[in-house]
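Reading through the structure tokens given below for one structure.
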Amino acid sequence: MKIAVIGQSLFGKEVYKELRKDGHTIVGVFTIPDKDGKADPLASEAEKDGVPVFKLSRWRVKGQALPEVVSQYKATGPELNVLPFCSQFIPMEVIDHPKHGSIIYHPSLLPRHRGASAINWTLIHGDKKGGFTVFWADDGLDTGPILLQRECDVEPNDTVNTIYKRFLFPEGVKGTVEAVRLIAEGKAPRITQPEEGATYECIQKKENSKIDWNQSAEAIHNWIRGNDKVPGAWAEVDGQKVTFYGSTLIDNGVTANGRPLEICGASRPGVVTKAGLVLFGVDGGALLVKNLQFEDGKMIAASQYFSAGASAAVVLTEEEKAFAEQMRAVWQSILTNVSQIEDSTDFFKSGAASMDVVRLVEEVKLRASSCQLQNEDVYMNTTFQDFIQMCVRKLRGEDDEEELIVDYVEKIINNMTVKMPHQLFINGEFVDAEGGKTYKTINPNDGTAICDVSLAQISDVDKAVAAAKEAFDEQEWGKMNPRDRGRLLYRLADLMEQHQEELATIEAIDSGAVYTLALKTHVGMSIQTFRYFAGWCDKIQGSTIPINQARPNRNLCFTRKEPIGVCAIVIPWNYPLMMLAWKTAACLAAGNTVVLKPAQVTPLTALKFAELASRAGLPKGVLNILPGSGSLVGQRLSDHPDVRKLGFTGSTEIGKQIMKSCAVSNLKKVSLELGGKSPLIIFADCDMDKAVRMGMGSVFFNKGENCIAAGRLFVEESIHDQFVKKVVEEVKKMKIGDPLDRSTDHGPQNHKAHLDKLVEFCQLGVKEGAVLVCGGHALQRPGFFFEPTVFTDVQDHMYIAKEESFGPVMIISKFKSGEIDEVLRRANATEYGLASGVFTRDISKALYVSERLNAGTVFVNTYNKTDVAAPFGGFKQSGFGKDLGQEALNEYLKTKAVTIEY
């Protein structure tokens, strides 16, 4: 068809483009004149295509159509007028001229909300359903017959902007084009609008958008969001008009802690909090406003009301000055009507519109991708000088974010001052647990208390999950530019490296890890893990899949890898920081948000990590840390309906309970790294010295508190005695003592209950007849020290041959020469399957054994050789799912298949 497009704006531009794609001929575009030397987007697009464009300031005077304008219009010969968005009054001579008449897009479900502010009133009235109508134009105001309607749900915190971007714009373009298609096919209906339910509301302007405080909180919230961003709901505060933006309803039970703010006419003062300005309705309900704008056009975060303008200007470096000049050129290219961009040039007073804001934000990203602006940042910094200051602060990581307040416990230890957070970390803040509940975390070296730590309660879990959910849903952490997410994780790894000695010291005093090992492995591998997964952020991708074609049409099928949402992570006490890193790095890289429960006995490095993550720039709510009991915090995370994935490392017994709870609650995705009884087979043809050295490491590494520790060594009979002798000689050389002493080989066990279990384990071994060669006792000294222990002549039926000690206990059994399959049968005769190992110089034998060992990891002529790039996880009752490597990402992603027919 030959179509005249009458209207303006980006919406009009997209409708125009889609109509051309559909094969229609656009005979003319009738739009508004240029503003400040800039053409409307619809006009620019049509001019680019060579379509006649008529920029008309008006179509009629005193109610009478202008003959010359009507003649220009008729000369184009349209068969249909399409009015996608039009702010002008179009005379009936034009409306009725084409063969098919005229159709208009209207952003409400007619006959409800006739008039020019339909979206505003949809929200102001609190409608649960919204949508749009394409109708046949007549001489009434939005009263013509309905051609097509589409509806959508209105979310409780929708604004004009969010519902327009989510539904009214994209679906409205499609609906308008579909309406034209129906007309072309002769299938377009004309449904008379019912009078029942019809409403007409006035145009929302600044003068009639003042807030009436004599209403419920929900009604006030609807009024504010219904006027957000144009014209803006306002009230008198401190003698001036202040406009409110970004309203959300909040729970009635939430206590607003902050500074009171008197508002003229309000039933009670508002409260300026860290989250924004809390307002109240006459019903006692509350709402939160995020941004405020003053009469001079300056916009600020509501949380900064009492400190606005307090910060001093930053002095730019040479590199920052170069960036400023680049941005001056960008402003000049946007504000073409301004001869020169001065520091005082105001973006909006110089003629910029909302589309220019979008462009400016994108231009900044192109020149400084680490400077992530929101549209609000431009509205809050309207002069060039303020804009540059804001950008530079963001680039420096000093972008007026709330200062992180940390109530440290400080200790001078290990030749440094260690500063340890000790509160829960929820939604970007360190806070006390409900009721101020605490417990003492103990230094295993001497049994003394390190400090009191906040003890999370169920309500704290719910707050943390809610914060993580909001961060995922509202802040769109998962939809952040993946490279920017990667840069944040790199920055976090850099901060961890800067604090590595402090982290290692905390790890040593909280878990008993030898400092040098903590520095290299506990902390060192944690840093490597975050760097590794930071690199994966922009490499997560789906695939294109060939499928059978739906002839005569064709199909395209592809997959998307998407983040899951809120993930709970529950970690053990043997590697407090490293276990956090193994799971959290992959989880965050995939775009999820996290609620993590560290082991109750080792919470301190997790809390220090939370501080560093906040300082690295992770948005609020993305990471939450809850020290507490497994029976309370862990169970609530397993049961919580908003948690969509749970990653757990710990005992098989607890893993089974978690899996059951996750299934019963909401069928959470689960990955489990559980217990192990890893076999190590040492053949007579091994390198004996290496086998002894590695064999000792397989058992005594990290004082035996190692999930992949060799729980049982099978030594070929011909070298058994020699092997045992050499091991005992080396054990006797090991220095047991203070983990901060650089010469210490073997530190204390993690906690008293574990020490007691090791004593009991060894007593059972002796009772069953195993030969205790050395060790087997707790040391009679302060702290939780246990001797490195060696048992021989251990038979397959014995308790110590089947169960995990999780301590420095070497269990040695013989096997006869040539009985490879028999020793494999014995090695696999366990319900565990986490790791295993083999020492031999015969490569064929090594490959044969590694193929038949039923474990998630097989070490050949080495042990404990884990790497951030290699997947780690077990078989059987050692769990399922992988940490580390590319496979770990799949634990925190969901795969969506998309099939398109064309």
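Along the chain as shown, residues are numbered 1 onward.
Including glycine, each Cβ sits where the backbone N, Cα and C put it.
Some features that TrEMBL has for this protein:
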ACT_SITE  His106  active site, proton donor
ACT_SITE  Glu673  active site
ACT_SITE  Glu673  active site, proton acceptor
ACT_SITE  Cys707  active site, proton donor
BINDING   Gln88, Phe89, Ile90, Asp142  (6R)-10-formyltetrahydrofolate binding site
DOMAIN    318-395  domain 'Carrier'
SITE      Asp142  site 'Essential for catalytic activity'
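Cα to Cα, the residue listed as 'active site' and Cys707 (active site, proton donor) are separated by 9 Å.
When the Cα atoms are compared, Cys707 (active site, proton donor) and His106 (active site, proton donor) turn out to be 64 Å apart.
It is 14 Å from the Cα atom of Gln88 ((6R)-10-formyltetrahydrofolate binding site) to that of His106 (active site, proton donor). Helix first, then strand, then coil: DSSP counts for the domain 'Carrier' (318-395) stand at 49 helix, 2 strand, 27 coil. Fewest other C-beta atoms within 10 Å: among the recorded positions Ile90, Cys707, that description fits Ile90. Around Asp142 ((6R)-10-formyltetrahydrofolate binding site), the same-chain residues six or more apart in sequence whose CB sits under 8 Å from its CB are Ile104, His106, Leu110, Pro111, Arg114, Gly115, Phe135, Tyr200, listed in sequence order.
Those same-chain residues not listed among Gln88, Phe89, Ile90, Asp142 yet with C-beta within 8 angstroms of the centroid of the (6R)-10-formyltetrahydrofolate site C-beta atoms are Leu83, Cys86, Ser87. For the (6R)-10-formyltetrahydrofolate site listed in the record, the two most distant Cα atoms among Gln88, Phe89, Ile90, Asp142 lie 14 Å apart. Each of the recorded positions Gln88, Phe89, Glu673 was scored by the other Cβ atoms within 10 Å of its Cβ; the lowest score goes to Phe89. Around the Cβ of His106 (active site, proton donor), the number of neighbouring Cβ atoms within 10 Å comes to 23.
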